[in-house]
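For reference, Swiss-Prot has these:
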ACT_SITE  D322  active site, proton acceptor
BINDING   K198, A199, R200, G201, R202, F203, G204, C205, V206, K219  ATP binding site
DISULFID  C30-C60  disulfide bond
DISULFID  C50-C78  disulfide bond
DISULFID  C85-C104  disulfide bond
DISULFID  C91-C103  disulfide bond
DISULFID  C105-C110  disulfide bond
CARBOHYD  N43  N-linked glycosylation site
CARBOHYD  N66  N-linked glycosylation site
SIGNAL    1-19  signal peptide
TOPO_DOM  20-135  topological domain 'Extracellular'
TOPO_DOM  162-513  topological domain 'Cytoplasmic'
TRANSMEM  136-161  transmembrane segment
Amino acid sequence: MGAAAKLAFAVFLISCSSGAILGRSETQECIFYNANWERDRTNRTGVESCYGDKDKRRHCFATWKNISGSIEIVKQGCWLDDINCYDRTDCIEKKDSPEVYFCCCEGNMCNERFSYFPEMEVTQPTSNPVTPKPPYYNILLYSLVPLMLIAGIVICAFWVYRHHKMAYPPVLVPTQDPGPPPPSPLLGLKPLQLLEVKARGRFGCVWKAQLLNEYVAVKIFPIQDKQSWQNEYEVYSLPGMKHENILQFIGAEKRGTSVDVDLWLITAFHEKGSLSDFLKANVVSWNELCHIAETMARGLAYLHEDIPGLKDGHKPAISHRDIKSKNVLLKNNLTACIADFGLALKFEAGKSAGDTHGQVGTRRYMAPEVLEGAINFQRDAFLRIDMYAMGLVLWELASRCTAADGPVDEYMLPFEEEIGQHPSLEDMQEVVVHKKKRPVLRDYWQKHAGMAMLCETIEECWDHDAEARLSAGCVGERITQMQRLTNIITTEDIVTVVTMVTNVDFPPKESSL
């Protein structure tokens, strides 16, 4: 019996360790296809590069329909870290489906071929006459059965542990307050009604919705943009992310079937919309400009700040990487809040910032070093890239301000006058990098004391030398000082203004990055 027990235990150890011994093929690229490419605003076919956290697996997937023997592909592409796809080199569906078939696999382009092989039902053999067993057979049987049961329980427990640890949760629900209070009820248990589409972007569309008796914004991502949705959720879930000048996060959910899944991100809703939309329809006074610019700068400064010792943990420094007027929302009192963290990077001590692809963001807001592909992949370099883009947003505000004694321009995006509405990467490289041009600062802006100071601040934000740029905190302090200074100036003091402007002590230019 001792030899039998040793044999069973050895078999059990081999079966448990075989998965760790076997290597797995890394998935870098998958065949891409989207039957609903027009609705989702994607390419129809092609090859998709798979990105994700280094400690997560990447897979390929395919979904299709079988209509009277005719195969109709629904979607193909990248799939992120699903335990059901582990160590599958072929894309094979084994379960029958009346609607859509789904398979996933590991390995480059492994979803190019897919198939359906139903699991064969094991038929029970017909009973045969019982032949007498020797006595030692019963001894061995009674010895092995308890050992095999124990081994089975251990294997099942290990599988459940891995499944819950590594598989992505079907519903992510944050707490309303990241501190000690218990989590809020599941959003899925509250009636959430989509009302109207308010905006469409690179990663999906934004709906105005009603949650109980309040309006909320619901950003809906298609499944192929899971990485962006997951990144936004992770950034919003960091300690200390509740701030007046950062968009309020409410929750995140998966909606739909296992195949046709939409990813929802629920945030506060602001009727005035983005700064870009507001400036298209409105001009701003000097005080309104200062309020919008100051609150925007304070939001970005808080995002950039590394704050240890909060009650719910350590808030790391975060680079937004897509600062633009479309991603600055306005509350009813024109207070600005930063939104859209799909491309954001967090810088946690002792941890990698993740996959840092250099040329990301919106072309017309890309800093010279981004356009050149000459980024220093350090925290401060990414924060300075945000500051270049902020300089362009401040220019948009200045172009629609009524403070200066001159005409107010029609709203235009940065570089729209120089390049047009749809610049290519090559266009931006030529204008920004080689010619070192920036949007025009009108001469008559300089005749207003506050606008003259603002123009100087803008130029120091979009400086070609990244290390010479201001920090967000410094910009916020400067705008506060500008508003305070101009508010005490009267028309009779116009002669004094020139002296005051030239002698004003700005906050130090050194970046606090």
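Including glycine, each Cβ sits where the backbone N, Cα and C put it.
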Handout entry: Neighbouring C-beta atoms (10 Å sphere around the C-beta of R200 (ATP binding site))
Key = 10
Completion exercise
Out of C105, V206, the listed recorded positions, fewest other Cβ atoms within 10 Å surround the Cβ of V206
Handout entry: N43, C78, C110, R202, G204 screened against C30 (disulfide bond), Cα within 10 Å - retained recorded positions
Key = C78, C110
Exercise for the section: Could you state the whole-number distance in Å separating the C-alpha atoms of C91 (disulfide bond) and C105 (disulfide bond)? Expected result: 5
Exercise for the section: In whole Å, note down how far the CA of C104 (disulfide bond) lies from the CA of R200 (ATP binding site). Expected result: 30
Fill in the blank from the handout: Within 10 A of the CB of G204 (ATP binding site), the number of other CB atoms across every chain shown is 23
Handout entry: DSSP state at G204 (ATP binding site), helix/strand/coil
Key = strand
Fill in the blank from the handout: Cα of C105 (disulfide bond) to Cα of D322 (active site, proton acceptor), in Å and rounded, measures 33
Problem - Separation of alpha carbons, C78 (disulfide bond) and C104 (disulfide bond) (Å) - result: 9
Problem - Rounded to the nearest Å - Cα separation of C110 (disulfide bond) and C60 (disulfide bond) - result: 7
Exercise for the section: In whole Å, note down how far the CA of V206 (ATP binding site) lies from the CA of the residue listed as 'active site, proton acceptor'. Expected result: 17
Handout entry: Inter-residue C-alpha distance, C85 (disulfide bond) and C103 (disulfide bond) (nearest angstrom)
Key = 8
Practice task
Quick one: pull the CA-CA distance for K198 (ATP binding site) versus N43 (N-linked glycosylation site), whole Å only.
Solution key: 23
Completion exercise
Among the recorded positions listed as C60, N66, C78, R202, G204, the Cα nearest the Cα of C103 (disulfide bond) belongs to C60
Problem - Diameter of the ATP binding set by C-alpha atoms, the set being K198, A199, R200, G201, R202, F203, G204, C205, V206, K219, in angstrom - result: 14
Handout entry: Shell of the ATP site beyond K198, A199, R200, G201, R202, F203, G204, C205, V206, K219, same chain only (C-beta within 8 angstroms of their C-beta centre)
Key = I220
